[in-house]
Amino acid sequence: MDTLRYYERIGLIGDIARTATGQRRFSDDHLEWLGVLKCLRDTGMPVEQMHRFATLVRAGDHTVAERIALLEAHKEAVDARMDDLAAKRDYLLGKIDYYRSLP
């Protein structure tokens, strides 16, 4: 819940309806957008880039090329991290095999 409040405070999500008691009422569009933000966060996109992406989305269709460029750059960073993790995983597997081969 703290993440949702933070995202709302910094403008990543907005225009959330509230009940008379102040509870947030998320629309289906909000839930879909939160799924996008979760994917970006889970793949390590910095909040500043997430904010830039949100700004581009709100600006309309004329920003599609810039959104694609931002997402492609992020994908490249994710790919690099995955390659690094794969190499480290292979190293660990080698160590496991080595220790299993000891008498």
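Cβ coordinates are placed from backbone N, Cα and C, and glycine is handled just like the others.
TrEMBL: automatically predicted annotations, no manual curation.
Straight from TrEMBL, the features:
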type   : residues : note
DOMAIN : 1-56     : domain 'HTH merR-type'
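Taking H, G and I as helix, E and B as strand and the rest as coil, DSSP gives the domain 'HTH merR-type' (1-56) the counts 34 helix, 4 strand, 18 coil. Looking just at the domain 'HTH merR-type' (1-56), the mean pLDDT is 93.
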